[in-house]
């Protein structure tokens with residue numbers, strides 16, 4: 001104590017050495033997001049970036065997503081696992097925003113292990129957030145029943161993947177969901193809550209058949225297998241961001257136009273697949289978001305129903321579908337195809353703030369004599385400056401196109417921008433100029449080598 005009886009700091013009261021200084025930001029994450037309706041080739045971009053990454057994360061969605069990665073001529077399919085796990089040096093993290101169907105997780109891993117060496121030792125490389133919600137078999141059954149009801153009542157369904165994603169996110173919002181941390185705590189308490197949730201669904205859908213004891217038995221069998229993988233996700237992420245320098249990659253599932261808030265509602269998924277979902281789905285602040293790469297297919301595709309302004313229900317659409325082998329990885333459904341829509345991508349950019357783009361499947365356009373690009377929407381003859389929220393309005397928009405000359409040259413063997421045909425270069429530059437975002441990669445084939453890097 002000082003003589004005055006008042007212990008005063010020597011610097012006149014400014015005792016905090018950190019006051020007025022911003023705390024250090026730490027490592028920044030690189031984010032890869034779909035800029036259209038999904039199936040843009042995000043897995044390929046992630047696979048490319050994962051070669052140098054230390055950590056690859058999933059922040060939202062469940063096994064409704066489908067990513068295909070080709071390594072050493074082996075085609076691996078990922079739905080729930082971050083596809084970067086294919087790199088043996090990578091730690092894969094499934095964040096709290098992801099919903100996990102445990103049988104699906106292990107089936108997916110085992111299926112890929114049988115295909116090739118890429119996934120050997122995956123269990124020691126996977127970390128799961130304790131706050132992630134669990135998808136139960138009955139969520140998947142409910143998904144199917146809800147689709148049937150929608151079909152009967154309105155004559156149209158949402159085209160869900162029937163993986164239980166909507167029902168589990170609904171349960172999460174209604175605060176009746178169960179999480180990984182609940183499964184690993186008191187199993188008796190977990191069982192009670194599980195039974196209560198099952199009975200709620202039974203009362204809503206009397207035709208629903210739920211094998212409560214069978215499913216609980218199955219869930220109990222996963223406890224010891226997943227326990228070593230589970231961590232407090234927030235603490236784990238904080239340590240990763242503020243520890244040694246690390247290259248951290250976030251692999252977005254689904255895409256901007258499927259986002260629950262910003263997508264073509266109601267024909268959307270049940271999570272935020274735009275950049276905001278990265279922070280809420282991993283438990284990290286926005287200042288740790290670094291590069292945000294938007295993945296754009298050189299034309300547009302969509303699975304299921306919903307407005308699609310540039311859709312080509314004609315020979316062009318069929319050509320794109322056939323040449324692009326446009327069939328869903330998760331559903332096996334044929335994708336609807338149409339011209340590139342820059343109104344839609346500009347909208348996705350407004351939300352996500354893309355720092356660069358990956359333009360995929362350019363080679364699919366190789367045979368077209370001319371290529372159209374949607375550049376504006378008109379409603380009642382008036383150009384509108386925004387992307388309509390209302391589905392009925394979006395159904396009615398008239399698309400204004402710019403027609404560009406094709407290049408009628410096979411680009412699949414091209415490995416540098418300079419080697420591309422002149423008109424293909426012009427197509428890329430046209431996209432960059434209209435969006436004000438640089439194209440960093442151009443995809444001209446399935447393999448890793450067929451991604452041309454521009455800078």
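Using N, Cα and C of the backbone, Cβ positions are placed for all residues, glycine too.
Swiss-Prot names 39, 40, 41, 42, 64, 65, 66, 67, 161, 175, 254, 269 for binding IMP. Of 333, 415, 434, the residue it gives for the same site is 333. Rounded to a whole number, the distance between the Cα atoms of residue 38 (GTP binding site) and residue 254 (IMP binding site) is 5 Å. Residues near residue 67 (active site, proton donor) in space but far in sequence (CB under 8 A, at least 6 apart, same chain), listed by position: 42, 43, 46, 77, 78, 79, 83, 251, 253, 329. Among the binding-site residues 38, 44, 332, 362, not one has its Cα within 10 Å of the Cα of residue 64 (IMP binding site). In this structure the C-alpha atoms belonging to residue 44 (GTP binding site) and residue 66 (IMP binding site) are separated by 12 Å. By the criterion of other Cβ atoms within 10 Å of the residue's own Cβ, the least surrounded of the binding-site residues 38, 331, 334 is 334. Fewest Cβ neighbours within 10 Å among the binding-site residues 44, 333, 335: this applies to 333. Nearest neighbour of residue 333 (IMP binding site) by Cα distance, taken over the recorded positions 39, 41, 68, 362: 39.
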